[in-house]
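According to Swiss-Prot, the protein has these features:
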type    : residues                       : note
BINDING : 33, 34, 35, 36, 37, 38, 39, 40 : ATP binding site
């Protein structure tokens with residue numbers, strides 16, 4: 001399992017190992033940021049790193065544009081699939097269409113005993129399939145499944161670009177409010193129907209409807225949502241890591257994301273700066289770009305200075321295959337610190 005922490009807590013490896021040392025249930029690590037900054041690469045490299053440590057890990061992609069299959073060079077699906085070469089590393093690429101079908105079937109099963117509401121809610125579900133945000137709702141139901149499970153030591157979420165992710169992570173609050181209103185409605189309806197059964201001759205037609213059971217199911221759903229929200233806001237079990245590139249648009253979008261995540265109570269413990277041009281480049285264009293990047297690093301330090309900041313250089317090759325991911329993991333988790341130390345020295349000048 002994991003060795004004792006030897007490095008400083010002010011490193012990505014340090015905060016990761018500290019979080020994993022405490023055996024209080026499954027841990028959750030999320031990677032987010034602007035599109036194209038390397039979220040999937042960091043998710044995959046982290047999965048490989050933790051699997052190499054002996055942990056049972058699943059990487060769950062909530063991004064409809066799945067890239068994990070390209071990085072690992074194998075096909076994945078809606079259910080956990082082992083990564084080739086590992087018995088303890090799995091990948092799930094959530095299929096929005098399948099997730100929506102499962103979501104609808106689950107809701108239909110819960111309302112089939114209530115003919116009064118059944119037709120109305122079924123029409124509502126069909127309309128929901130065409131509504132904006134449905135992907136997030138359906139994916140969130142799959143997300144809840146992994147939040148409820150103790151099958152894995154670590155669940156890594158490879159999230160969609162920032163806007164989608166913020167809507168997705170706002171689901172617990174939205175659904176909690178919705179469930180609270182629905183429970184209130186069911187309680188009112190239960191009392192009303194019981195009164196009607198006593199007053200009207202046709203009131204007995206709903207005698208097969210078990211309102212108490214329906215209410216119990218709603219309460220269970222609400223408890224599940226609240227539990228997920230509590231885990232998401234627990235810094236002992238959950239960490240959100242922003243991935244940025246040293247460009248102004250990426251930095252500003254990540255700053256906005258950080259503020260929104262803080263509003264939801266989701267702990268951000270690190271910022272990963274990706275695609276840094278190495279110091280030893282020879283061409284004038286590359287050196288000029290590196291100087292610009294160093295200025296942007298000052299901006300990153302200013303905006304995210306209270307977070308752990310890790311640095312990953314621009315690679316000479318594509319981020320594909322297990323061996324490349326192992327190399328990225330070594331850089332990311334502090335086993336190759338020379339470039340990071342040089343960057344820190346430059347930024348500090």
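Each residue, glycine too, has its Cβ placed from N, Cα and C.
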Worksheet item: Does DSSP give residue 35 (ATP binding site) helix, strand or coil?
Response: coil
Worksheet item: How many neighbouring Cβ atoms, not counting its own, are there within 10 Å of the Cβ of residue 38 (ATP binding site)?
Response: 23
Item to complete: Just name the winner among 33, 35, 36 (the binding-site residues) by count of other CB atoms within 10 A of its CB.
Response: 33
Worksheet, complete the sentence: Within 10 angstroms of the C-beta of residue 37 (ATP binding site), the count of other C-beta atoms across all shown chains comes to 25
